Amino acid sequence: MRIQVDTHTHTYASGHAYSTIIENAFAASQLGLPMFCTTDHASSMPGAPHYWFFNNQRVLPRFIHNVAIVRGCEANICNDGEIDIPPSVDSHLDWVIASFHEPVFPSKDSLVHTQALIKVIRSNRVDALGHLGNPNFDFDFEAVIACAAEYNVAIELNNTSLKGETRIGSIDRCYEIAKVAKKLGAYVTTGSDAHFCEDIGKFSKVEQLIDDIDFPLDKVITHTPKQFLDFLALRGRAPIEEFKKLMV
């Protein structure tokens, strides 16, 4: 199978990534990737931008190098299940990932992580949960993924985690999470988690996982741009006028 949307990418605005959005779009165009979400880290992450950065994404063209640009953010899960972007930002974004990051949310125990994830899902402010395979943030797979399925929040399959070079110990957990998502009928999304433009749209590990467990493609929201946009509509997000031509 081929993934056509990358829902987790970073620019140098994240503080520890190395490309501009134009460079990311050019790399995507060279790869033949028709759409990606730009999802820089929210402000609690060291080096990340002020929330005005996300409000002002309205100035971004909807297409750069003929690649569709989805305006997004990777928010940090903090406290007992909040995210670190003000509610006033929500209307400026098309796509919000919520993730645990050690500098913001020190690793605790499975119950605390599970409760935080469920609270984030039920807030209805996030569209996906990012890189859940991290063993530092163990959680009750069944409880969280069942809640995500109920609220139509996507579970991210993260290609960087599956490489085994960061968030060490994630690979087997990613496979198990995907199997639980398949069993419970949850949606999954796919993120390169690119911090450099040459990694945009690179999904060899994720595609292998999807093939290995025969994950149903109608639940992979990034299989086509139309499936991704249909998922945004399911989430209650307003249609993006400039993307109407992609709904075929």
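Every residue gets a Cβ built from N, Cα and C, even glycine.
Remember, it's a predicted structure, so these values are computed and weren't measured experimentally.
Listed in Swiss-Prot:
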type: BINDING; residues: His8, His10, Glu74, Asp193; note: Zn(2+) 1 binding site
type: BINDING; residues: His16, His41, His195; note: Zn(2+) 2 binding site
type: BINDING; residues: Glu74, His101, His131; note: Zn(2+) 3 binding site
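On the structure: features taken from Swiss-Prot.
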{"residue": "His8", "record": "Zn(2+) 1 binding site", "DSSP (3 states)": "coil"}
{"residue": "His16", "record": "Zn(2+) 2 binding site", "DSSP (3 states)": "coil"}
{"residue": "His41", "record": "Zn(2+) 2 binding site", "DSSP (3 states)": "strand"}
{"residue": "Glu74", "record": "Zn(2+) 1 binding site", "DSSP (3 states)": "strand"}
{"residue": "His101", "record": "Zn(2+) 3 binding site", "DSSP (3 states)": "coil"}
{"residue": "His131", "record": "Zn(2+) 3 binding site", "DSSP (3 states)": "coil"}
{"residue": "Asp193", "record": "Zn(2+) 1 binding site", "DSSP (3 states)": "coil"}
*His16, His41, His195 excluded, remaining Cβ within 8 Å of their centroid (Zn(2+) 2)*: His10, Ser14, Gly15, Ala17, Asp40, Met45, Gly47, Ala48
*Just going by other Cβ atoms within 10 Å, which of the binding-site residues His8, His16, His41, His101, His131 has the emptiest spot?*
His16
_For a quick check of packing: other C-beta atoms within 10 Å of the C-beta of Glu74 (Zn(2+) 1 binding site), how many?_
31
_I need the neighbours of the Zn(2+) 1 site defined by His8, His10, Glu74, Asp193. Which other residues of that chain put their C-beta within 8 angstroms of the C-beta centroid, in sequence order?_
Thr9, Ser14, Thr39, Asp40, His41, Ile97, Gly130, Gly191, Ser192, Ala194, His195
*Rounded distance in angstrom between the Cα atoms of Glu74 (Zn(2+) 1 binding site) and His131 (Zn(2+) 3 binding site)*: 11
_Same chain, 6+ residues apart, C-beta under 8 Å of the C-beta of Asp193 (Zn(2+) 1 binding site), given in sequence order_ = His8, Thr9, His10, Gly130, His131, Asn158, Asn159, Thr160, Ser161, Asp199
_Cβ neighbours within 10 Å, counted over all protein chains: which one of the binding-site residues His10, His195 has the most?_
His10
